[in-house]
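The following features are taken from Swiss-Prot:
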| type | residues | note |
| --- | --- | --- |
| TRANSIT | 1-50 | transit peptide |
| BINDING | D85, S86, D124, K154 | 3-methyl-2-oxobutanoate binding site |
| BINDING | D85, D124, E156 | Mg(2+) binding site |
| ACT_SITE | E224 | active site, proton acceptor |
Amino acid sequence: MAASLVRSCCSRASRAITTVRFMSNVPEDTVYGGPKPQNSNQRVTLTQLRQKHRKGEPITMVTAYDYPSAVHIDTAGIDVCLVGDSAAMVVHGYDTTLPISLEEMLVHCRAVARGAKRPLLVGDLPFGTYESSTNQAVDTAVRVLKEGGMDAIKLEGGSPSRITAAKSIVEAGIAVMGHVGLTPQAISVLGGFRPQGKNIASAVKVVETAMALQEAGCFSVVLECVPPPVAAAATSALNIPTIGIGAGPFCSGQVLVYHDLLGMMQHPHHAKVTPKFCKQYAQVGEVINKALLEYKEEVSKHLFPGPSHSPYKISSSDLDGFLSELQKLGLDKAASDAAASAEKMDHSDSPSSQ
């Protein structure tokens, strides 16, 4: 009896140890200790971005503003999805990024969060929502995460107040991406959408600002529209990844605006041409225009919808009853038109008409 009990206890202990060993092979992703199974669709983390950076593997980032664009970015396996305030221009049609509000940005953030399950999600802090005080900056960042479903925020510029804002947001436990060089929210100071770092003082300022953002705790810095040597210097000087847009090939990663890289807006009213730094990987705008023109033509010529796109049927007996009810209501013409349409659809469906 005692020997049997010992064997039973040992057997249960062995199974328990086996279970523990098996589960310990799965990485623990939270401080609460719940081991999670590895999943190819698991959200990209800051740790993974740092690992890519250390290995010298380029980081990919693309903007998204709604559910469909987020799904496409998710499917492509892009590392980071930025809900940019560029939505003001490419979605809302403004000339600059300045008019978009926090409430509008939150709508975009929520839509993207529903569509992009894998990329790290970064939301821009729109102009006027973080400049007045550190409290305002932290409150806005909290809303972008809690209400927008983002994983991190991005803010522009490197003035002392922006550096302080970045530091305060990081201290509040929120990951921050910085942005230097051409900062669209500062176009009134910069004199328009102009490249930065083209002279000694400006180039040094780009590098120093990027370093200050790193010191403030930013996990990454966007370098926009600066000469490649300046971007290379900033990338070398930093321990965090740089993400270039119009900054040459020497950054830790690259970002482009969704609409620009897909060629969706051949003649945007806010720019004479697509930005010089942007490669168009498709001409989606032409495809859209062609499809819309074809649709318009087919509807105008009564070619759409045809039988193949009119799938819902009514039985002959129900049709007869329906026509009878129309006649009782005094809708003789409606009954006649309904009967004629049914006859026409039957003729279209017959083998001889195929």
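Cβ from N, Cα, C; glycine included.
Here the features listed in Swiss-Prot are painted onto the structure.
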residue: D85; record: 3-methyl-2-oxobutanoate binding site; CB count, 10 Å: 29
residue: S86; record: 3-methyl-2-oxobutanoate binding site; CB count, 10 Å: 21
residue: D124; record: 3-methyl-2-oxobutanoate binding site; CB count, 10 Å: 29
residue: K154; record: 3-methyl-2-oxobutanoate binding site; CB count, 10 Å: 26
residue: E156; record: Mg(2+) binding site; CB count, 10 Å: 24
residue: E224; record: active site, proton acceptor; CB count, 10 Å: 23
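D85 (3-methyl-2-oxobutanoate binding site) and E224 (active site, proton acceptor) have their C-alpha atoms 14 Å apart, to the nearest angstrom. D85 (3-methyl-2-oxobutanoate binding site) carries neither a helix nor a strand DSSP state and counts as coil. A separation of roughly 12 Å, to the nearest angstrom, links the Cα atoms of S86 (3-methyl-2-oxobutanoate binding site) and E156 (Mg(2+) binding site). Across the structure, D124 (3-methyl-2-oxobutanoate binding site) and E156 (Mg(2+) binding site) are spaced 9 Å apart at their Cα atoms. Take the mean position of the Cβ atoms of D85, S86, D124, K154, the recorded 3-methyl-2-oxobutanoate site; other residues of that chain with a Cβ within 8 Å of it are T63, L82, V83, G84, A87, T97, M105, G123, L125, P126, E156. Put simply, E224 (active site, proton acceptor) is 11 Å from E156 (Mg(2+) binding site) when counted between their Cα atoms. Secondary structure from DSSP puts E156 (Mg(2+) binding site) in coil.
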